[in-house]
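K.L.:
Once you've had a glance at the structure underneath, I'll fire off some questions.
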Amino acid sequence: MVTRGSPALSCPGPVSVSPGTETTPPSDSAPSPKGDKLNELLGWPQTLEWREMGRWVLFEEKLEVDAGRWSAPHVPTLALPSLQKLRSLLAEGLVLLDCPAQNLLELVEQVTRVESLSPELRGQLQALLLQRPQHHTQTTGSRPCWGPAQSRKAAHNKEAPMQQQCQSPLRQKLPPGAEAGAVLAGELGFLAQPLAAFVRLRDPVWLGPLTEVPLPSRFFCLLLGPPMLGKGYHELGRAAAVLLSDPHFQWSVRRASNLHDLLTALDAFLEEVTVLPPGRWDPTARIPPPRCLPSRHKRTQAEDRHRNGPLAPSPELQRTGRLFGGLVQDVRRKASWYPSDFSDALHPQCVSAVLYIYLATVTNAITFGGLLGDATDGAQGVLESLLGTAVAGAAFCLMAGQPLTVLSSTGPVLVFERLLFAFCRDYSLDYLPFRLWVGIWVAVFCLALVATEASVLVRYFTRFTEEGFCALISLIFIYDAVGKMLNLAHAYPIQRPGSLAYGCLCQFPGPGGNESQWTRPRPQSRDDLLSVDLGLVNASLLPPHECVQQGGYPRGPGCHTVPDIAFFSLLLFLTSFLFAIALKHMKTSRFFPSVVRKVLSDFSSILAILLGCGLDALLGLAMPKLMVPREFKPTLPGRGWLVPPFGANPWWLSVAAALPALLLSILIFMDQQITAVILNRVEYRLRKGAGFHLDLFCVALLMLLTSVLGLPWYVSATVLSLAHMDSLRRESRACAPGEPHSFLGIREQRLTGLAVFTLTGVSIFLAPVLKFIPMPVLYGIFLYMGVAALSSIQFMKRVQLMLMPAKHQPDLLLLRHVPLSRVHLFTAIQLACLGLLWIIKSTPAAIIFPLMLLGLVGVRKALEWVFSPQELLWLDELMPEEERNVPEKGLEPGHSFSGSDSEDSELMYQPKAPEINISVN
């Protein structure tokens, strides 16, 4: 058997050839989308009729006659003899290129002009070919994928049979401009020899009821002959239909000028088929459609890559040699997109993104505000965190080069704030004025980096550096989410039988009016609790509220505790986490219509939060809720909104602040630019470009503003930024049967971020509404984002390989080119770097954490002494110097590696189009 890779949904230009004649080839325009039909002649020698037995829109669908339905779409498989037989029939048959026929009758007359046919047989054959075929139409309430107006464009003014054809659900699945191809095959007893005809019409015309849907047709293939054993003509018809559905064959036949060109196109098709040996597979099995389809221009692109060598760096990362030259270019580049940054947000998907990112942002702001308040003894708090997030985030969305970035307080910056406050406390310094000068110096250093175009150094941030940083922040995020849940378990301890806080007794006054006393001070076990020696007292085990109603006094440490808080907090935590994951994967589920699946997937986090709030309201327990400040005033009593420049500090501290500011500048640069590199990776298909210099310039100005106001410092939050992008993914509408969703890019705009930060600022006044959201639900959403982040990076997939026996490892393209031991060595080095970063972050040595992030670039550079360029090409990426030194032939895998529609894109370590790498801050 022969199998052909998924036939793409495209219709080649029509080609008609008469043997021995030369014609002018049609235009070189791209093939139109196309659906092919196989009408088979049945009923010989009794009543003859044409019946549609198969169709090819993108994949093959067979008519299951007994079940009365179309089969599931599948990759077509053909017998090799059927292709060879088809070639011989076309070589000996009639081939018409650029046939001038304008309707089915004229086409039939052209096809039946064969010398071997007598006038009588020609008349019978013409009458047979003009018979109306039987089409199997399933009446379903399918939604038009291309809009009702567009679906009616191709309709011709043929009212009678065409009204029934327009009702076909298949018509609603075809894009505007689609064409139909017709293949007629069958056994005809009055023919003495096979009759084969291949026709390419000069202009596509509607062939009446020949096709199931009223589409113009350009290709027509006729395969008739005397009866033969087996499914001879049925398989010949399938082979012709598969040929017509192949984009490369269509492209070639569209340009054919004679019979030789047609046969050359067929031979090229045969050279690419894959043979499945008999006895090694089940011929009745249907191969399901692949998750990723190869590009129609794959071979051309591969040749271009090999010919052109390394890809040139993006224009954002090219030096201009002028002060602030990169900033000026960023401003010019982004200015042309500025109006569309608002108009592109007019889509319902943006509403889901705003709600999702808003709740994540406000929770993150409140969490970091509480941590910051603890770290600075109330010098800053939740109010400053909410206000700073709103002001800095909104300003960044309006001015930045990459408005999809979400600014937030991050773990590394929080560690630096804690160390800075501890230094001021130990040396009796005024914290906020000293912090002001640190912020001023950081702004100066960042502006110097912008002026000297230091952002071009991000070319050295390869995947090794990005994954080390992302994995660290992701683990911190997961660790904090689980840690907060454990803190709730301590705040609301689980009550167990026999614990000191378990028992509660109802005591009644004695005869003299005195309350009864326990004979024994505390129960030692469950049995002791149930058999307390009450002596002469009058006591019972009534519930506290009934005890009070009857005039008693509840006594015992368990009387005023609710033993279910910790358990149900964990329930809400896991429910929101698992429910968000389940709904996010609903888009690829087999349940519900595609519109419902998309809505559930887009609003997965919001629905998970609503479910958690509903369960909390149903349980009626005093769960810990989201709390926001009720008054608009600084957390530190007695201070205004403007920080004095010196306070009680000596003047020379304004100069000494440059030293800690230098370390913080390194941290800000690394944190900001690593996130920017991740957000602007080529696989995310951003159309409007990056703005590395402009983004860093905005961060520098905001550092100055927040320092003056005494607000927290902000930098790009990787997890929230990528979650923001994930909520704005654009995907193709999979209309053709079996067609997978393809990733189209990100809905790039500024309005969602602006709305998120505006709502964050208004949250100060939304306390009556936000107080109903349980904190365990938000912790579950945080855990979901962290797990999604960690599981989507290449590093974690290679860690999983270390735990798999070789025979169970997936057939990854990476493992075909790099020995497994080398893959494990590279992963082990990354694990060691990750462990070292975690240790430094968790110890007093955290002050050098920015230098360690910078050290990741040095470690990656040192790996060039351990791994060959070819290995690094598959395991990571090449640095700029390596790209110039490695031969061109060694670069091809790397560039195909980054392409989302490359040959083995499903086997590579790139995030598939529906996935987005999420790393957490």
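Using the three backbone atoms N, Cα and C, a Cβ is placed for every residue, glycine included.
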K.L.:
Of 191-210, 751-770, which range does TrEMBL call transmembrane segment?
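P.N.:
Spelled out, TrEMBL records transmembrane segment over residues 751-770, not the other listed ranges.
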K.L.:
Among 385-404, 436-457, 603-623, 691-715, which stretch has the highest count of C-beta pairs below 8 Å with the transmembrane segment (751-770)?
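P.N.:
Answer is 385-404, with the largest number of Cβ pairs below 8 Å.
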K.L.:
Take the domain 'Band 3 cytoplasmic' (157-283) and count its residues per DSSP category (helix H/G/I, strand E/B, coil), listing them in that order.
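P.N.:
Split by secondary structure, the domain 'Band 3 cytoplasmic' (157-283) comes out as 51 helix, 33 strand, 43 coil.
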K.L.:
Under 8 Å, at least three CB pairs between the transmembrane segment (385-404) and the transmembrane segment (691-715) (pairs 6 or more apart)?
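P.N.:
Judged by the Cβ rule, the two regions touch, with the required three close pairs present.
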K.L.:
Determine how many residues of the domain 'Band 3 cytoplasmic' (38-140) DSSP places in helix, in strand and in coil.
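P.N.:
Tallying H, G and I as helix, E and B as strand, the rest coil: 32 helix, 31 strand, 40 coil.
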K.L.:
With Cβ distances under 8 Å as the criterion, find the stretch in 353-373, 603-623, 651-670, 691-715, 777-796 that has the most pairs with the transmembrane segment (436-457).
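P.N.:
When the Cβ pairs under 8 Å are tallied, 691-715 comes out ahead.
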K.L.:
For the transmembrane segment (469-492), which partner among 353-373, 565-583, 603-623, 691-715 gives the most CB pairs under 8 Å?
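P.N.:
Stretch with maximum Cβ contacts: 565-583.
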K.L.:
Between the stretches 565-583, 603-623, 651-670, which wins on the count of C-beta pairs under 8 angstroms to the transmembrane segment (353-373)?
P.N.:
603-623
K.L.:
Report the mean pLDDT of the predicted model across the domain 'Band 3 cytoplasmic' (157-283), rounded to a whole number.
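P.N.:
Mean pLDDT across the domain 'Band 3 cytoplasmic' (157-283) comes out at 81.
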